[in-house]
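Structure record follows, encoded as structure tokens.
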Amino acid sequence: MWRVCARRAQNAAPRAGFGARWTAFREEPGAPCVTPQAGSALARCSSKTPGYGRVRALCGWSPVSRATPRNRVLLQLWGSPSRRWYSLPPHQKVPLPSLSPTMQAGTIARWEKKEGEKINEGELIAEVETDKATVGFESVEECYMAKILVAEGTRDVPVGAIICITVDKPEDVEAFKNYTLDSSAAPAPPAAPAPTPAAPAPSPTPSAQAPGSSYPTHMQVLLPALSPTMTMGTVQRWEKKVGEKLNEGDLLAEIETDKATIGFEVQEEGYLAKILIPEGTRDVPLGTPLCIIVEKEADIPAFADYRPAEVTDLKPPAPPPIPSPAAPVPPAPQPVAPPPSAPRPAAPAGPKGRVFVSPLAKKLAAEKGIDLTQVKGTGPDGRIIKKDIDSFVPTKAAPTPAAAVPPPSPGVAPVPTGVFTDIPISNIRRVIAQRLMQSKQTIPHYYLSIDVNMGEVLLVRKELNKMLEGKSKISVNDFIIKASALACLKVPEANSSWMDTVIRQNHVVDISVAVSTPAGLITPIVFNAHIKGLETIANDVVSLATKAREGKLQPHEFQGGTFTISNLGMFGIKNFSAIINPPQACILAIGASEDRLVPADNEKGFDVASMMSVTLSCDHRVVDGAVGAQWLAEFRKYLEKPITMLL
């Protein structure tokens, strides 16, 4: 967890900072707030004018500081055009500071001080979750917490919003017991007491957040951004159970992001008191409370019924069985009975084949085209009533009475088994689909193919693996990665990226290796492949591929890369064309090696060689055709004469 002093936050963003005397809105008793007219108020300000210090601080602001516009802040400080007097003791309105350069809103993760407590200089006031991390918010002056205006767990609090009130004297705390920000900021004071009976109306909102104040000291663990493009995630699995002790660094849960499944670690010690999001819950927005952690094991039972408002709309994935048809279609042990209702086969029909049905049910059946002989009645004496029509699900094999015999197989009427299966789209699969579509629609692909004689590589590989016996083995793919990296150094245009306004030519070669996983395709990266040896590359590839298949890759291990390799040769594919991984400019598709007859200077005039076909997909905006051909020539040279990789 990061901790930042408000003084540093103040320097980074002049518009906010707790304890900064010119940024906390200090209101003196009896001091009128007058809106300056066309800047005239600034001209009339003197050192004796109430709020002069605040105005003087504002005078030093400029648009370059990226602070809040001057007229907007003046309006916040001075209030409405009408005069108003405050009967409250001197106090400071503490705004939410900007704790990161890109922060626009924050979440109050936890209040470290309670109302009435003394706050010493340097003490932690609250923990605020920004767009980057959870940051400790410290005081830079001594004061007392008079009123907390934003409850724990409140999300998307705008930067600059008033979050609490502090006073200089402990005897002034009581005056703010019933203080609300709306009542103090209202333009017309007499109108404020009138709607006070309506104050219970907003009470449901605090009641949803009330757990933060009425429960023992605890911390809400919110869903963080585990990748730069992540907007929501899926809770794949909880690694800890309620009541278990958590140590710093322990794996708490596995979260499926838009890139991969990533382990979510605990940042501090405690006990897991409540799991708020069950396993399998999909599309959980960032910042949603996932669980509750307490410091003391004795506090765990207090959170048995804890349920914040943020998670009420989140539901785990619905089970595949359809609830309504399951009741009227029980499994029939007697296949002789035509209708699915085996318990009372003769109930719907009378002595002469008459069907007992209520007038309303008969009308509804006619409108819906339902054959009443197939409906089981649940009314008196087996009479069909409206409820039976509403809950009836016709079977597919119901055109004739004879065809009604097959349905007793399973109780799933709407979707016959064996026709198709709907597989939910994971976040990873959705992102893969979006990026592939974007690549094909926006990148002008062209393709170059070449055959490579792999005879020398196979001989060198055999010798090296003998030397490494008992250690890791070098594969043909490792030679391909090394040759690709060296070819990128020779032809740097292929190791470039299209950045809309510029073409970025990379000076290091990070090879992305396509790996197929149960969740979808992912491309872990062999960093600095151009300076690594074959053994190091082999170890990296094995480690990354294992992590990818187990869903344990960290974001930095698969985000980035300057050149991609996709190898389908192990499946017997001779050649194929791969889709470029933006913003990269090239991807190399590797086919299988096969023995071919090639011309040779010997008595027979030919020889048998192991030939491999490769296809280079290029972005024509970055790599021209001749440049792509030059890269393939360098690549083939390194593989057909692997000793040149040492140069």
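Cβ coordinates come from backbone N, Cα and C, glycine included.
Of the listed candidates (Gly533, Gly551, Gly591), Swiss-Prot assigns Gly591 to the same CoA site as Arg461, Ser475, Ser566, Asn567. Per Swiss-Prot, the residue from the list Lys132, Lys396, Lys471 bearing the note N6-lipoyllysine is Lys132. The stretch that Swiss-Prot tags with region 'Disordered', taken from the ranges 52-84, 184-216, 217-249, is 184-216.
For the modified residues shown (Lys466, Lys473, Lys547), fewest C-beta neighbours within 10 angstroms: Lys466.
The two recorded residues Lys473 (N6-succinyllysine) and Lys466 (N6-acetyllysine) have their Cα atoms spaced 9 Å from each other. Per-residue pLDDT, averaged over the domain 'Lipoyl-binding 2' (218-294), rounds to 86. In the three-state DSSP assignment, the secondary structure recorded for Lys473 (N6-succinyllysine) is coil. A gap of 27 Å separates the Cα atoms of Lys466 (N6-acetyllysine) and Lys547 (N6-succinyllysine). Helix, strand and coil counts under DSSP for the domain 'Lipoyl-binding 2' (218-294) come to 0 helix, 39 strand, 38 coil.
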